[in-house]
Amino acid sequence: MAKEKTHMNLAFIGHVDHGKSTLVGHLLLLEGAIAEQQLDEGEDKFRFVMDKLGEERERGVTIDLAHAKFETQKYEYTVVDCPGHRDFVKNMITGASQADAAVLVVAANDGIMPQTKEHIFLSRTLGINQLIIAINKMDVVDYSEDKFNELKEELGALISTVGFKPSDVPFIPVSAFEGDNISEKSSNTPWYKGNTLVQELDALDEPDKPVDLPLRLPIQDVYSITGVGTVPVGRIETGILKTAENIAFEPAGVTGEVKSIEMHHEVLDKAEPGDNVGFNVRGVGKNDIKRGDVAGTTQNPPSVAKEFKAQIVVLQHPGVMTVGYTPVFHAHTAQVACTFLSLDVKLDPATGQPKEENPDFLKTGDAALVTIKPTKPMVIENIKEIPHMGRFAIRDMGQTVAAGMCIDITDAK
């Protein structure tokens, strides 16, 4: 059997109407993931691919994360088509945080929009370290090299403020509608000497499997199976789960021995990051652990925070956030109400540099360093130590109001 290709999750980010869906649609078409007859006639034929839902067709807005798949020579990709509309930013949080790399789409005729900046900062906050920039709608600006270079310079300055090196980031002039420089070099841009989008996708670094980090396995469900015993189920974020190993569940505070591991009805000796497993634990009862607990080895158990410092971005809050505010934090499989103990420093959202000490409140668009106290102990890790376990979304009133990461645990269990 041929070795399976490495899998890569790809987020498409950028301002609404800059052509993300059209670009994804054309990419899928050119890479043979969809048949031509599936496409509508005329202007919006490629966007159809991503907008399968009726309501979306009417509004001409991409809502859902369309998990479309395509392959290149090197990778198999799942496209997380991240919506650009304001009220769909929460999708971007669940979407972008699953992504190994992002394609930022910027329209040549519009240039940098507020959302362009926001998405760059947000994707960085969510741990995306590989970026490709597609300067789209080149057909609208008559394939102007000057326009391309001007935007490339502006975008280079912008991405360097959040820690991307412009020299490491490919800038590609494309037309999502006409298909220029997507899978084949375009004769409309003879001045462009770089690679096509597909070549740059193939040149991305393989996603690291964080096997060298300590084991962290957030629990999704717990079953009790007759004749077997307690079987927690979850997806390994970091490290390796092995049979006969002693593991600790936090914040439950119980330990047990791994007797067996199963994935897709197949028995395994060990399981790696990305694997969805069920495993039988001796010495732990079904009611001792629950969704939101995290398993680690007894030598290096998960960190339980009673208080932590975080960097957050306020995405959409109808009012202001002040000290004492207690929304629900969603981290891995846990959902815990947490209180803002202090607002420490307001940051410039474009650069991450300090702007104001101890602000009175935070509002939509603000970035800040804050101190957080969970209302009950929860597992969260320092982003620098175990990045996969350090991110969270903050939800309130049925919407995602902020996203962030834990930068220090100041009081642990």
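The backbone N, Cα and C atoms fix where each Cβ goes, glycine too.
Remember, it's a predicted structure, so these values are computed and weren't measured experimentally.
If you look up Swiss-Prot, you'll see 14-21, 81-85, 136-139 marked as GTP binding site. Marked as Mg(2+) binding site by Swiss-Prot on the basis of sequence analysis: SER21. The domain 'tr-type G' annotation in Swiss-Prot covers 5-211. Annotation source Swiss-Prot lists region 'G1' at 14-21, citing similarity to another entry. As annotated by Swiss-Prot, region 'G2' applies to 60-64. The region 'G3' annotation in Swiss-Prot covers 81-84. Marked as region 'G4' by Swiss-Prot on the basis of similarity to another entry: 136-139.
Location within the structure of each feature annotated in Swiss-Prot.
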| residue | record | DSSP (3 states) |
| --- | --- | --- |
| GLY14 | GTP binding site | coil |
| LYS20 | GTP binding site | helix |
| MET138 | GTP binding site | coil |
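Just so you know, the Cβ of the residue listed as 'Mg(2+) binding site' picks up 27 other Cβ atoms within 10 Å once every protein chain is counted. Nonlocal intrachain contacts for the region 'G4' (136-139), taken as residues 6+ away from its ends with a CB within less than 8 angstroms of a stretch CB, comprise 18-19, 22-23, 105-110, 148, 173-178, 180, 188-189. For the binding-site residues listed here (GLY14, ASP17, LYS20, MET138), the lowest count of other CB atoms within 10 A around the CB belongs to ASP17. A Cα-Cα distance of 16 Å separates MET138 (GTP binding site) from the residue listed as 'Mg(2+) binding site'. Note on the region 'G2' (60-64): mean pLDDT across this stretch is 43.
In this structure, the CA atom of the residue listed as 'Mg(2+) binding site' is 11 Å away from the CA atom of GLY14 (GTP binding site).
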